[in-house]
Amino acid sequence: MGNAAAKKGSEQESVKEFLAKAKEDFLKKWENPAQNTAHLDQFERIKTLGTGSFGRVMLVKHKETGNHFAMKILDKQKVVKLKQIEHTLNEKRILQAVNFPFLVKLEFSFKDNSNLYMVMEYVPGGEMFSHLRRIGRFSEPHARFYAAQIVLTFEYLHSLDLIYRDLKPENLLIDQQGYIQVTDFGFAKRVKGRTWTLCGTPEYLAPEIILSKGYNKAVDWWALGVLIYEMAAGYPPFFADQPIQIYEKIVSGKVRFPSHFSSDLKDLLRNLLQVDLTKRFGNLKNGVNDIKNHKWFATTDWIAIYQRKVEAPFIPKFKGPGDTSNFDDYEEEEIRVSINEKCGKEFCEF
């Protein structure tokens with residue numbers, strides 16, 4: 001036993017060292033953000049991959065190199081109307097400063113009179129959401145493989161004082177090796193201590209957000225519980241037709257498990273979907289280690305996952321660079337750029 005404990009101890013030490021170095025790297029970029037690193041004319045626009053309330057994501061090709069990227073285009077006037085200025089500035093400032101194997105990379109960012117542009121690595125496997133809906137549910141080993149990547153990603157983000165706040169299968173892309181790329185940092189925020197903004201997706205909201213309490217990084221660990229449940233069951237733990245009914249279920253502290261869930265899985269989920277913050281895993285004195293050392297993760301080699309050495313349970317079909325068959329089709333729209341600058345002041349730091 002002594003040996004195993006010693007190994008665990010030294011692993012936890014090297015994680016500490018790793019995170020200290022990661023924080024240095026992050027802070028350099030956080031304090032001195034990259035700005036205006038490309039121009040719209042350098043990209044050939046190919047196809048819309050997704051749409052949102054104030055913009056769209058398009059597959060583009062960098063004319064000079066022939067590389068494909070995903071370009072997020074945000075309409076400045078719509079961002080202002082929807083009161084998302086702060087969130088949008090957060091997203092870009094955070095994305096340009098982070099670096100982790102399971103976070104989508106921001107390659108370029110720029111703006112023009114009408115829009116903000118974030119050009120990211122293109123992840124051709126599509127959303128976990130579409131694969132989960134097609135397959136129905138993931139086996140526990142399959143769900144565990146993805147969950148481990150989220151645990152490591154949250155450990156990294158939280159060590160930088162970042163809360164993610166938008167975990168859901170739609171925001172997890174599957175890359176060519178079958179690993180996860182977390183995308184959409186629209187709700188991510190750097191916060192020491194507590195924050196109060198109501199944001200997120202109804203099914204994934206922690207009770208303390210619904211109850212308008214100040215909340216912290218523990219909301220991400222609650223959301224991890226929701227995600228693991230949804231991956232392993234095929235449906236989320238709290239669902240109803242109306243958000244208000246979902247919220248009632250979430251704050252009730254009651255959750256029911258499918259009969260096929262293993263007892264280890266149920267135990268982990270009871271500790272993540274824990275309404276009492278003083279008992280929720282990830283938020284206790286041992287932090288993330290309560291999760292990493294849980295029996296459900298007994299077979300997980302955390303370092304091998306980080307190094308992407310574990311064989312993925314599922315590799316998305318891929319027909320070559322620029323293949324979009326893992327994404328839905330959307331109506332195409334011209335990108336219109338005004339001759340006058342819109343909302344210059346609001347987005348001067350972008």
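Using N, Cα and C of the backbone, Cβ positions are placed for all residues, glycine too.
Here Swiss-Prot flags Asp166 as active site, proton acceptor, drawing on sequence analysis. Cβ neighbour count for Asp166 (active site, proton acceptor): 20 (other Cβ atoms within 10 Å of its Cβ, all protein chains included).
Same-chain residues at least 6 positions away in sequence with a Cβ under 8 Å from that of Gly55 (ATP binding site) are, in sequence order, Lys72, Ile73, Leu74, Asp75, Lys78, Val79, Asn115. Marked as ATP binding site by Swiss-Prot on the basis of sequence analysis: 49-57, Lys72, 121-127, 168-171.
Residues or ranges marked as domain 'Protein kinase' by Swiss-Prot: 43-297.
What Swiss-Prot lists as N-myristoyl glycine is Gly2.
Marked as deamidated asparagine by Swiss-Prot on the basis of similarity to another entry: Asn3.
Over all protein chains present, the Cβ of Thr48 (phosphothreonine) has 19 other Cβ atoms lying within 10 Å. Per Swiss-Prot, phosphothreonine is recorded for Thr48 (among others), and the stated evidence type is similarity to another entry.
Taken from Swiss-Prot, the feature phosphothreonine covers Thr195 (among others), and the record attributes it to similarity to another entry. In the structure as shown, the Cβ atom of Thr195 (phosphothreonine) sits within 10 Å of 17 other Cβ atoms.
If you look up Swiss-Prot, you'll see Thr197 (among others) marked as phosphothreonine. If you draw a 10 Å sphere around the CB of Thr197 (phosphothreonine), it holds 14 other CB atoms from the protein chains shown.
Annotated phosphotyrosine per Swiss-Prot: Tyr330, in sequence order, evidence recorded as similarity to another entry. Residue density at Tyr330 (phosphotyrosine): 14 other Cβ atoms are found within 10 A of its Cβ, drawing on all protein chains shown.
When the Cα atoms are compared, Asp166 (active site, proton acceptor) and Leu49 (ATP binding site) turn out to be 19 Å apart.
A distance of 24 Å separates the Cα atom of Thr195 (phosphothreonine) from that of Pro169 (ATP binding site). Secondary structure from DSSP puts Pro169 (ATP binding site) in a helix. Between the binding-site residues Gly52, Gly126, Pro169, the minimum number of other C-beta atoms within 10 Å of a residue's C-beta occurs at Gly52.
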